[in-house]
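Annotated features, as they stand in Swiss-Prot:
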- 3-63: domain 'S4 RNA-binding' (DOMAIN)
- ASP110: active site, nucleophile (ACT_SITE)
- 272-291: region 'Disordered' (REGION)
Amino acid sequence: MSEKLQKVLARAGHGSRREIESIIEAGRVSVDGKIATLGDRVEVTPGLKIRIDGHLISVKESAEQICRVLAYYKPEGELCTRNDPEGRPTVFDRLPKLRGARWIAVGRLDVNTCGLLLFTTDGELANRLMHPSREVEREYAVRVFGQVDESKLRDLSRGVQLEDGPAAFKTIKFSGGEGINQWYNVTLTEGRNREVRRLWEAVGVQVSRLIRVRYGDIPLPKGLPRGGWTELDFAQTNYLRGLVELPPETSSKVAVEKDRRRMKANQIRRAVKRHSQIAGGRRSGGRNNNG
């Protein structure tokens with residue numbers, strides 16, 4: 001059965017559907033020697049040859065793909081980009097290496113925001129989770145600086161006008177603090193750029209700390225260090241797939257034995273420590289080079 005080219009490539013982990021549509025439009029993809037155009041359909045067969053930038057890539061039938069999802073604790077200061085020309089740290093630096101696929105970020109967090117960021121090998125899953133029409137909840141813990149009264153909270157719940165259209169928090173709940181430094185937990189069902197910060201700024205309140213603590217029903221895992229990752233289990237992965245009307249997985253690569261889990265936790269801690277040392281040396285070297 002034929003499928004849209006971008007869907008096949010997204011499912012195989014070569015990018016989100018939007019990313020792949022862009023590279024197809026740029027003429028960077030060929031199918032059996034012919035430059036592909038947006039809207040082309042392909043049937044995945046053993047003889048199918050798809051190239052991106054001239055490089056032959058691997059694609060499999062849907063039934064052969066195993067969808068994997070990571071929960072990553074993004075620290076402040078990391079960029080949500082695959083490569084940075086200035087050599088700054090990115091969210092992809094610490095992720096486990098893959099063969100024949102790559103990690104795709106489910107949305108973005110700005111450089112000054114920390115917390116839960118999901119990654120998957122399934123571009124179609126990433127695309128559906130990000131799409132506003134799916135209305136997947138994102139929850140944030142927010143520390144704000146400024147006077148917050150009932151009128152401002154009412155405006156944030158009912159909606160305010162931003163430069164890219166109206167926006168509102170689905171829920172907003174006070175969670176602690178005193179005076180002009182207070183914490184709130186807020187939820188949104190879309191992921192516009194800096195939306196949480198811009199909503200508070202629209203009522204004259206500044207955000208001094210922002211942490212994403214939940215995506216759908218997937219929470220930021222307890223005990224996960226900043227810069228650490230953990231792979232979602234079978235049930236969690238299928239929960240996300242069901243949330244966006246994708247068929248469930250029937251197999252998983254997640255180890256279930258306790259000793260394997262302990263080994264993974266130790267690997268995560270070592271990777272976080274090693275990456276921090278490398279990043280620190282890189283920053284130190286940068287300062288020396290700049291005098």
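Cβ from N, Cα, C; glycine included.
For the domain 'S4 RNA-binding' (3-63), the DSSP-based tally of helix, strand and coil residues reads 18 helix, 14 strand, 29 coil. Long-range Cβ contacts of ASP110 (active site, nucleophile) within its own chain (separation 6+, distance under 8 Å): CYS80, ASN193, ARG194, ARG197.
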